[in-house]
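Peer 1: One structure follows; several queries about it will come next.
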Amino acid sequence: MSSILIAVIAISALALVFGLILGFASIKFKVESDPIVDQIDSILPQTQCGQCGYPGCKPYAEAIANGDTINKCPPGGQATIEKLADLMGVDIPSSAHDEEKSIKKIAFIHEDMCIGCTKCIQACPVDAIVGGTKALHTVIEAECTGCDLCVAPCPTDCIEMIPVNTTPDNWKWDLNTIPVVNLPADKPTKASEL
């Protein structure tokens, strides 16, 4: 047998043994988590932006399960608050309605002032900023959650949060408020009778 074949067989055998050990250990030493925390975490948007005051979505989910308020996630918006209220069986906080009326903002980089330091890229939790070292940076509008975390690290203050104008392209229809009426097919009905 050649030495290469022996080495391949030995490494394959070691990989198989270590894989079996890891598989056994993952079953034997599995840590059970709270299922309500997992459900809450699946509702949150997973931007890990920290606007809620927690270092990520999982710690905020744990805090909600322990009784914290459900309206601290700006990227999730009103839809997330409603889903969390339904899951937790609580009323929607009144401040959540005020936050929904606020205008959504996104980051805008004044490229003539940008020095390409990449500090904003490192701060962005959703990778909405593109650019390279010593190159101009720009924000991908569709990806930006408006978390404002990129503004503080910028040494030249070239990033500002600007309001997003509502257009037909970014309009969010609330389909639950559109009335749906079932009409019988055999009886013609006038629109005024609805």
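Cβ from N, Cα, C; glycine included.
Grabbed the feature section from Swiss-Prot, which reads as follows:
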- 1-26: region 'Hydrophobic' (REGION)
- 32-90: domain '4Fe-4S' (DOMAIN)
- Cys49, Cys52, Cys57, Cys73: [4Fe-4S] cluster 1 binding site (BINDING)
- 105-134: domain '4Fe-4S ferredoxin-type 1' (DOMAIN)
- Cys114, Cys117, Cys120, Cys154: [4Fe-4S] cluster 2 binding site (BINDING)
- Cys124, Cys144, Cys147, Cys150: [4Fe-4S] cluster 3 binding site (BINDING)
- 135-164: domain '4Fe-4S ferredoxin-type 2' (DOMAIN)
Peer 1: Please name which of the binding-site residues listed here, Cys49, Cys114, Cys120, is nearest in space to Cys150 ([4Fe-4S] cluster 3 binding site), Cα against Cα.
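Peer 2: Going through Cys49, Cys114, Cys120 one by one, the closest to Cys150 ([4Fe-4S] cluster 3 binding site) is Cys120.
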Peer 1: In angstrom units, rounded to an integer, how far apart are the Cα atoms of Cys120 ([4Fe-4S] cluster 2 binding site) and Cys144 ([4Fe-4S] cluster 3 binding site)?
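Peer 2: Here the two Cα atoms are 12 Å apart.
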Peer 1: Given the recorded [4Fe-4S] cluster 2 site (Cys114, Cys117, Cys120, Cys154), which additional residues of the same chain have their Cβ within 8 Å of the Cβ centre, ordered by sequence?
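Peer 2: Once Cys114, Cys117, Cys120, Cys154 are set aside, the remaining close residues are Ile109, Ile115, Gly116, Thr118, Lys119, Ile121, His137, Cys150, Pro153, Pro155, Thr156, Cys158, Ile159.
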Peer 1: Counting other Cβ atoms within 10 Å of each residue's Cβ, which of the binding-site residues Cys117, Cys120, Cys124, Cys147, Cys154 comes out lowest?
Peer 2: Cys117
Peer 1: Quickly jot the same-chain residues contacting the domain '4Fe-4S ferredoxin-type 2' (135-164) by Cβ under 8 Å, restricted to those at least six beyond its ends, or write none.
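Peer 2: Residues packing against the domain '4Fe-4S ferredoxin-type 2' (135-164) from afar: 45, 47, 49-51, 74-75, 103-129, 170.
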Peer 1: For the recorded [4Fe-4S] cluster 3 site, enumerate neighbouring residues of the same chain (Cβ within 8 Å of the Cβ centroid of Cys124, Cys144, Cys147, Cys150, site residues themselves excluded), in sequence order.
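Peer 2: Not counting the recorded site residues, we get Cys49, Ala107, Cys120, Ala123, Pro125, Val126, Ala128, Ile129, Val139, Thr145, Gly146, Asp148, Leu149.
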Peer 1: Please report the Cα separation of Cys144 ([4Fe-4S] cluster 3 binding site) and Cys49 ([4Fe-4S] cluster 1 binding site) in Å, rounded to an integer.
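Peer 2: Rounded to a whole number, the Cα-Cα distance is 11 Å.
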Peer 1: Please give me the CB contact count at 10 A for Cys144 ([4Fe-4S] cluster 3 binding site), counting all chains in the structure.
Peer 2: 21
Peer 1: What other residues of this chain sit with their CB within 8 A of the center of the CB atoms of Cys49, Cys52, Cys57, Cys73, the recorded [4Fe-4S] cluster 1 site?
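Peer 2: Sorted by sequence, the hits are Leu44, Pro45, Thr47, Gln48, Gly50, Gln51, Tyr54, Gly56, Tyr60, Lys72, Pro74, Pro75, Gly76.
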Peer 1: Any same-chain residues 6+ apart from Cys73 ([4Fe-4S] cluster 1 binding site) with CB under 8 Å of its CB? Would you list them in sequence order, or say none?
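Peer 2: Listed in sequence order: Leu44, Pro45, Gln51, Cys52, Tyr60, Thr80, Ile81.
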Peer 1: Applying a 10 Å Cβ distance cut-off over all chains shown, what neighbour count does Cys49 ([4Fe-4S] cluster 1 binding site) have?
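Peer 2: I get 21 for this one.
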Peer 1: To the nearest whole angstrom, state the Cα distance for the pair Cys57 ([4Fe-4S] cluster 1 binding site) and Cys114 ([4Fe-4S] cluster 2 binding site).
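Peer 2: With the alpha carbons as reference points, the distance is 31 Å.
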Peer 1: May I ask which of the binding-site residues Cys49, Cys124, Cys147 is closest to Cys154 ([4Fe-4S] cluster 2 binding site) if we compare their C-alpha atoms?
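Peer 2: Result for Cys154 ([4Fe-4S] cluster 2 binding site): the nearest of the binding-site residues is Cys124.
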